[in-house]
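Taken from TrEMBL, the feature CoA binding site applies to Arg197, Gly198, Gly199, Lys200, Thr317, Ser536. Feature annotation from TrEMBL assigns ATP binding site to Gly397, Glu398, Pro399, Asp421, Thr422, Phe423, Trp424, Gln425, Thr426, Asp512, Arg528, Arg539. Sequence annotations record features per position, and here TrEMBL assigns Mg(2+) binding site to Val550, Val555. Residues or ranges marked as domain 'Acetyl-coenzyme A synthetase N-terminal' by TrEMBL: 32-87. As annotated by TrEMBL, domain 'AMP-dependent synthetase/ligase' applies to 94-480. Residues or ranges marked as domain 'AMP-binding enzyme C-terminal' by TrEMBL: 544-625. Annotated N6-acetyllysine per TrEMBL: Lys625, in sequence order.
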Amino acid sequence: MSDIQAPKQENRVFNAPEKFVKRANISGMDAYKAMCAAAERDYELFWAQLAHENILWRQRFTKILDETDAPFYRWFEDGQLNVSYNCLDRHLRQGNGDKKAIIFEADDGVVTEVTYQELHERVCRLANGLRQLGVKKGDRVVIYMPMSVEGVTAMQACARIGATHSVVFGGFSAKALQERIIDTGAVAVITADEQVRGGKRLPLKKIVDEALEAGGCESVRNVIVYRRTGGNIDVTAGRDLWLHDVISNQDSTCEPEWVDAEHPLFILYTSGSTGKPKGVQHASGGYLLWAALTMKWTFDIKPTDIFWCTADIGWVTGHTYIAYGPLAVGATQIVFEGVPTYPNAGRFWDMIAKHKATIFYTAPTAIRSLIKAADADAEVHPKKYDLSSLRLLGSVGEPINPEAWMWYYRNVGNEHCPIVDTFWQTETGGHMITPLPGATPMVPGSCTMPLPGIMAAVVDETGNDLPNGQGGILVVKRPWPSMIRTIWGDPERFKKSYFPEELGGKIYLAGDGAVRNDKTGYFTITGRIDDVLNVSGHRMGTMEIESALVANPLVAEAAVVGKPDETTGESICAFVVLKRARPSGEEARQIAKELRDWVAREIGPIAKPKEIRFGDNLPKTRSGKIMRRLLRVLAKGEQITQDISTLENPAILEQMRQVQ
Ligand code: PRX
């Protein structure tokens, strides 16, 4: 792995305050080590005990882990449960119905509070409504919703009747939505008239209409529309229904559908190294266990906490740490509709102060942009707000650079809140490598150590362990309960992507590079080793963007690479060859704009290339391979030092330096 360099070693170490450690769910390194040792001693027993303790089973399991069909692992196979029952009814039975489940703050600042009792009722009514429409166990339902109580309700209602949901992020285009509807064969789509973010309205229902009209979506019988703004929508009679009509005459209780532990709870699409997104399929039992466990372990959740995860339910973080985890443990959580910079860049800090949030979980990209904003305007600096309610901070989605970590620690956490830098993926279902806040000494920029029972390692291309200090490939050597079960409809791709033969076919390939510290053994993630980019914590395949670009009638060929970016982590840089002559000046700027808008329509605005450069050709070897490494150097604006003797057409390098 000559590409993977060990980052500069970071020597600063921070410990949680003694008071925190004393009260922590996992208190002290010895407690952590004892759990790891228990998992080593009897791996299956370790998980079985936790699964018995943390889940209410309708029928308890007798089988723990079935590896006979590896890598299609099965956990707690003969157990039966219902995820929504575990997230809601359980708390009512324990007398916590009046506890706040969700504090929802809308884009315009209006706050709605929902208790567990009320959420239970909402979920039951919608579950009954869906059943009445003929949605049944195993059916797929696509959810294309804004951040809302209704969005969480929709996910829980699907879980309640055993329907498998597939949430599509509200920023994805009609085409991306259409592809996901077709791939899942969804029978219903749940959406809203419009979504509001940062004072702007986005017509979700219109995008659903476009997706359905584009064809291939005949499986969809109904579109259920939550009236968020009252904006105009077109209604297709017999197909489209208002959410409030669907639930209006429904009973406030609903017998859950008891499902096997392996029953698919959801499918969530994510980018891989080919053009087609992968439908990551998760099971019910193992996933729920993970959501609950990591709330307790990583977030040290207590009954009095006010938990806030700023992710969107369209991403896995919003699944595990909004729709399921906090509810599974009966926590009170904040759900936010808007964006961190509206009405100003103090919004997060203002909301923490207003709702007395105790645990705050966000992405490095948000932190970096708020650092910039605070530098520019002292009024939106976190020090201007009363953030004394906070006791724990978290980071997710991309590497957090030590400077951003320090700023977060000092200015948001006031030097007394531990920071959990949580490494995980859509495929892992929940946290994998992260500090435990009451146990692990923290080092800025390092996600530190795997959770107990997670057998993470750094290996070379053939699967051999590498010594600490040497960069390599991140793998997980044993299956764990919340792991991806398959890629929806494509088991072969699942095997090839995550359990490649070169590594023996049984160990999980994360797709990231990593290095462990010489002395501490701490992990630092060095970034993706495949053609996947991470822009503002959003995962995107270079091939996906390239396919979108070449679908434009003007484009002959395109190559996309990532470029380091101070705020977004990485940014998208596209090298394009047109079917016509290479444009320059105003024409080049015009076409670049047209192509950016095109990509926004094909995938979504998050996939828009920040830079577009035109050439007569792409730099290729004599055998016709695109020299991506060279493109990365060009994107960074650095001098080319590597050997370009195999390059067929060196003259185009000069052309490719120019940004449009
Ligand atoms: O490259 C890693 C990066 O995000 C990828 C997973 O993206 P996604 O499936 O969209 O899930 C994001 C939310 C869990 C990983 O392969 N990544 C995620 N968390 C971290 C990270 N890189 C470094 N440090 C992290 N804490």
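Residue numbers in this text run from 1 along the chain shown.
Each residue, glycine too, has its Cβ placed from N, Cα and C.
Heads up, TrEMBL stuff is auto-annotated, nobody curated it.
Remember, predicted model here, so these are calculated numbers, not experimental data.
Sequence features annotated in TrEMBL and their locations in the structure.
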residue: Arg197; record: CoA binding site; Cβ neighbours (10 Å): 17
residue: Gly198; record: CoA binding site; Cβ neighbours (10 Å): 12
residue: Gly199; record: CoA binding site; Cβ neighbours (10 Å): 11
residue: Thr317; record: CoA binding site; Cβ neighbours (10 Å): 25
residue: Gly397; record: ATP binding site; Cβ neighbours (10 Å): 24
residue: Trp424; record: ATP binding site; Cβ neighbours (10 Å): 25
residue: Thr426; record: ATP binding site; Cβ neighbours (10 Å): 19
residue: Arg528; record: ATP binding site; Cβ neighbours (10 Å): 17
residue: Val550; record: Mg(2+) binding site; Cβ neighbours (10 Å): 16
residue: Lys625; record: N6-acetyllysine; Cβ neighbours (10 Å): 11
Original post:
Where ligand 1 binds, which of the binding-site residues Gly397, Thr426, Val550 are close by, with Cβ under 6 Å?
Top reply: Gly397, Thr426
Subject >> Of Thr422, Ser536 (the binding-site residues), the residue whose Cβ has the fewest other Cβ atoms within 10 Å >> reply: Ser536
Subject >> For Gly397 (ATP binding site), the three-state class that DSSP assigns >> reply: coil
Original post:
Which one is it: of the recorded positions Arg197, Gly199, Thr317, Val555, Lys625, whose Cα lies the shortest distance from the Cα of Pro399 (ATP binding site)?
Top reply: Thr317
Original post:
Here are the binding-site residues: Lys200, Pro399, Val555. Which has the lowest count of other Cβ atoms within 10 Å?
Top reply: Lys200
**OP:** Using DSSP with the three-state reduction, classify Ser536 (CoA binding site) as helix, strand or coil.
**Re:** coil
Original post:
Which one is closest to Thr426 (ATP binding site) in space, judged by CA to CA distance, out of the binding-site residues Arg197, Gly198, Gly199, Thr317, Val550?
Top reply: Thr317
Original post:
Mind checking how the domain 'AMP-binding enzyme C-terminal' (544-625) divides into helix, strand and coil residues in DSSP?
Top reply: 28 helix, 27 strand, 27 coil
Original post:
Counting each residue once, how many in the domain 'Acetyl-coenzyme A synthetase N-terminal' (32-87) are helix, strand and coil under DSSP?
Top reply: 27 helix, 7 strand, 22 coil
**OP:** Based on Cα distances to Thr422 (ATP binding site), point out the closest of the binding-site residues Arg197, Gly199, Lys200.
**Re:** Arg197
Original post:
Expressed to the nearest Å, what is the distance separating Arg528 (ATP binding site) and Ser536 (CoA binding site) at their Cα atoms?
Top reply: 14
**OP:** Measure from the CA atom of Thr317 (CoA binding site) to the CA atom of Lys625 (N6-acetyllysine) and give the result in Å, rounded to a whole number.
**Re:** 36
**OP:** Compare the Cα of Val550 (Mg(2+) binding site) against each of the binding-site residues Gly198, Gly199, Ser536 and report the nearest.
**Re:** Ser536
Subject >> DSSP state at Trp424 (ATP binding site), helix/strand/coil >> reply: coil
Original post:
Which one is it: of the binding-site residues Gly198, Lys200, Val555, whose Cα lies the shortest distance from the Cα of Gly397 (ATP binding site)?
Top reply: Gly198
**OP:** For Gly199 (CoA binding site), name the DSSP secondary structure in the helix/strand/coil scheme.
**Re:** coil
**OP:** For Thr317 (CoA binding site), name the DSSP secondary structure in the helix/strand/coil scheme.
**Re:** helix
